[in-house]
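Peer 1: Questions regarding the structure given below will be posed in turn.
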Amino acid sequence: MGVKRQVFVLVSLVFFSFAFVSFSKPLDEPNRFVSWMKRLDDDLRNKIMSKGACIACKLLTFLAQTAFLVEKVEDGVAYEAKMLCRNLHIEDDRVCLGVISEFKNEVFTVVDQVYLNPDEVCGLWLGPTCAHIRDPSGFWNITIPDKKPPVKPILPPKPGSPVMRVLQFSDVHIDHMYQEGSNPNCGEPLCCRSNDKPPGPGKPKAGKYGDYKCDLPPITFESMLKHINETHKDIDYVIWTGDIPPHNIWNQTRSDQISALKYAVQMVRRYLPELKVYPAVGNHESAPVNSFPPPVITGHNSNQWLRNSLAQYWNIWLPNDTIPTIEKGGFYTLLLSKGFRLVSLNMNYCNNMNWWLLIDNVDPAQQLQWLIDTLQQAEDNDEKVHIIGHILPGSSDCLKPWSWNYYKIVNRYQSTITAQFFAHTHSDEFEIFYDEKTRRIPTNIAFIGPSVTTYQTHNPGYRIYEVDGDYPNSSRVVLNHETYILDLVEANKGNVQWKFEYSAKEAYDMPSVLPEDWNNLVHRFSKNTTLFNKFYKYFWQSAPGHSCDGCRSYILCRLMTGRSHDSSACTLMQDPFSEEKREYLDESLAMC
């Protein structure tokens, strides 16, 4: 079971246990209710965005809220959730107990404070296929200046113009408990660890540099950094788009996450000492995973501990004037050079697995209003802006109200925002933004970089972007990108070579990599199976064992969707493609 789906099921059990402790007797033996829950669990495993999941979500939310109003029932929750997890065979006892322990305090607090009704909770959590709540444009009072300047066509730079080279790496998920020779099929969400039972005779064993079912050993992370230092002498700066800790989400502490952050920063400093690095926070940086309470949540439940740590370790590369917004909400901006600004967003404030947003989802930390103010100042000063973040805004992982407001912002500042860079899916892809009126004119592009971790079934990879460089009136657009990978099979045989995988312009025969070029490419994918299969190979960083039997229309729709829970731009599909199906397939691919 993917990590996100595992969290969904297990935390649902904790929600359910509120109701069960108050309204039922203990589960001493299997009964009709356990049988019903077994059927529900199958539905959650296989159709997480289906009607069954929606009904279950509303029922569990109603029962949990009602039970909590009647009686504070924390004492019995852990026991009942443990029994349900065991009887439903969701995970082994170690994982069940760990997740329940990790999340129960968060669930208790959210259930006690949430003001939303079950329809609103599940509409936010599962999307509009479950419940339509309100028009997302009316969700928040975000003021966007309406005087959009005329959009000028982007002219190609003159031959010989300066070009910047920007390195992106992401989703490293370094596992310090990774052990060569351990069991990659341990039966838990993350394997290849020193505390797993050893593999049986003749069974597969974890390789030295990693396994396609596991997270990244430190030796592979350091191998990548060493290779970059020795090979790419012309890098201007680095964008590091989040997710450092491994996927053992049932057994993580705050000190674990800080240690992971400290180690990764130290390694980047050791191997890339001359480079400026601009990070963004991922959803795995917190403990529990996805737990990013807005600043209104204070005390023990606050994650001020993480924001302070980010400010401390990021300050190695960032100026002091970024500290206030990092400590407030994990986001910042800085001027890279005259006329060129970078914005790093905390995309966890749109994360639908961030339970705290059920308490306060109205522009958490006022980040979007801050973004508008920053972009307006950039527009007034004739600056170009690059945006970096972790969770991609068009993913169903991103709450619809946040995503739709963000989409409006990107389109309003179309002439200012010249590129966006995200990650999270572990795959090599992109998202196209379109005008809101016709949904036909491409207005912006979000580049989704590959993961360094192999989890699940990817080769480790990183990317270098060519960007229009430092000179008067530079467009600051991306001119091309190159992706590099490590062939894991060969590396584990002793042939450790980070190698060039492809160049976007050459591989896809593109004149440039502007939004309209990516839109044209998607249309070419729809007609050219050979070209699409090349893309799908790169989607997995050329890892073996992947085929796309019947998934092409879904993938193409995914590429055309920069706004979550909205497939209205996907009109090139020959067959109807429902939003529900798209979200279900998102769950199948995104194990993050």
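Along the chain as shown, residues are numbered 1 onward.
Glycine too: its Cβ is placed from the backbone N, Cα and C atoms.
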Peer 1: Which candidate from His227, His300, His390 does TrEMBL annotate alongside Asp243, Asn283, His424 at the Zn(2+) 2 binding site?
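Peer 2: Candidate in the recorded Zn(2+) 2 site: His390.
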Peer 1: Which of these, His89, His386, His426, His458, does TrEMBL say binds Zn(2+) 1 at the same site as Asp171, His173, Asp243?
Peer 2: His426
Peer 1: Taking TrEMBL as the reference, Cys54 is linked by a disulphide to which residue in Cys96, Cys130, Cys186?
Peer 2: Cys130
Peer 1: Look at the disulfide annotations in TrEMBL and name the partner of Cys191 from this list: Cys122, Cys186.
Peer 2: Cys186
Peer 1: Where Cys122 (disulfide bond) and Asp243 (Zn(2+) 1 binding site) are concerned, what is their Cα separation in Å, rounded?
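Peer 2: About 26 Å separate the Cα atoms of these two residues.
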Peer 1: Restricting the comparison to the recorded positions Cys214, His424, Cys548, which residue's C-alpha is spatially nearest the C-alpha of Cys130 (disulfide bond)?
Peer 2: His424
Peer 1: If you measure from the Cα of His424 (Zn(2+) 2 binding site), which of the recorded positions Cys54, Cys186, Asp243 is the nearest?
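Peer 2: Closest by Cα distance to His424 (Zn(2+) 2 binding site) among the recorded positions Cys54, Cys186, Asp243: Asp243.
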Peer 1: Between 0 and 100, where does the mean pLDDT of the domain 'Saposin B-type' (50-134) sit?
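Peer 2: Overall, the domain 'Saposin B-type' (50-134) comes to a mean pLDDT of 72.
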Peer 1: Select one residue from Cys54, Cys96, Cys130, Cys214, Cys551: among these disulfide-bonded residues, choose the one with the most other Cβ atoms within 10 Å of its Cβ.
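Peer 2: Of the disulfide-bonded residues Cys54, Cys96, Cys130, Cys214, Cys551, the highest Cβ count within 10 Å belongs to Cys214.
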Peer 1: May I ask which of the binding-site residues Asp171, His173, Asn283, His390 is closest to Cys54 (disulfide bond) if we compare their C-alpha atoms?
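Peer 2: Spatially nearest to Cys54 (disulfide bond) by Cα position is Asn283.
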Peer 1: Which ones in the same chain are close to Cys548 (disulfide bond), with CB under 8 Å and 6+ residues apart in sequence?
Peer 2: Phe532, Asn533, Tyr536, Ile555
